[in-house]
């Protein structure tokens, strides 16, 4: 057991923090309860210091205000941190007694601490733990941390315009009008936001409704000026100017109340020259509807669980596990590539699964007692309950099953994709964002059931499910790249395309000289968008109710 633990820790300890485009920012609110002071005759002046681990070292991120003589402090200062789903972000909250005459830290001032990951906080939304001091509980003191997404504006707005009595610019027919909307930038430049279709031969056109992100429309500022221009289309590209007007998103939102918002379309030249000029027509906004675009953290904080499943290749091409050249060879202290990949990805996913029970399967081996070939057997040999307790449990089940198997073949992965897809399909019956499935497949060779696998992936693309494939060893994986839709659209043998890209494939050798965290970062970076794409595409909102949200904001530990 000691060797297993060493292998697990060896793989896990290399996980670090990387700089990459931030998915989102999270605000952390902190409160403590029952803080005990070293001096029983007085109350402490507590301050909470947030530290983050990078490359094995802890560094201070920020600290709260000091609350004088208080054993149950609720801090107003918020911690703002960048959130990366694909990384293990280790945090330490330290409570110190800061006396009024100094702001430094002494060992005697330390009242207790708590370590966790940012993933644990956001998945539970409200995390309460006992404070520890030198490995022991610090009396009855505890700390509570609440996470809240500091979101940008990713909402979309749907707009529909029509016009009345536009100027006629054509001699032998009526104008062919279209509308352009420009955002006025801070540097006095203007950015085209949308161009409508052309409505032919019509002075009172009704343009089709369109959607545009609020960020694109006004950079999130409802008071930003918008310039709208109406043109008469000409086939030679020299469109005739009809008129223009300016507005703001704030003004346009008046149409959300069922009212029409309208503007006079003005031609400045006509207005300057013609004494009785009124306008060149009227433009009416008859629809303004905001579509909420929920984020990954909206779903996670709303209670969506990540159901992590692992499938391991036990085909003969891996080599005899008793031989040190085998990809399945168990070194006493150095994890093999299968274990490195498993721990790197599993360490992250486990924070988003409340029960920490992970189904683990094998494929391509003859299994006891009859030693028939199976492509979806439980590596704990309990087909009724293939779940293992934590990533450590998966590691132990993997090492325990190796001597009992006969490595064989072929390398078929469609059965395991279909097995997980069946569970994901049952989840769709709830019509809720309750569970999203991630299947990690670890394989040493090119799969032999490509047609069936393509069919299974196309089917799975309609389900709350993502597939991560890591190729271990030195095989030629060029044919595997076709499963990853980055270079084109994957299709079933019958020609049906995937509904969305759900597969990520990487060869482990690309990360051989990097830490396993780099592998996890590569294969998991797309998962948040895949989760959002699925639920937004289905019109499924986060499960969290307003009552649950309000209760999570309560800081009483």
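We count from 1, first residue shown onward.
Every residue, even glycine, has its Cβ placed from backbone N, Cα and C.
Here the structure is a predicted model, which means the values were calculated and not measured.
Pulled from Swiss-Prot, these are the features on record:
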BINDING   170, 232, 234, 240  Ca(2+) 2 binding site
BINDING   170, 176, 232, 234  Ca(2+) 1 binding site
DOMAIN    3-131  domain 'C2 1'
DOMAIN    137-264  domain 'C2 2'
DOMAIN    305-507  domain 'VWFA'
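Break the domain 'C2 2' (137-264) down by DSSP state and the numbers are 14 helix, 63 strand, 51 coil.
Excluding the listed site residues 170, 232, 234, 240, the same chain places 169, 175, 176, 231, 233, 239 with Cβ atoms within 8 Å of the centre of the Ca(2+) 2 site Cβ atoms.
Most Cβ neighbours within 10 Å, among the binding-site residues 232, 240: 232 holds that distinction in the structure as shown. Around residue 176 (Ca(2+) 1 binding site), a 10 Å sphere centred on its CB holds 20 further CB atoms from the protein chains shown. There are 12 other Cβ atoms within 10 Å of the Cβ belonging to residue 234 (Ca(2+) 2 binding site). Within the same chain, residues at least 6 positions away in sequence whose Cβ sits under 8 Å from that of residue 170 (Ca(2+) 2 binding site) are 176, 232. Summed and averaged per residue, pLDDT over the domain 'C2 2' (137-264) gives 90.
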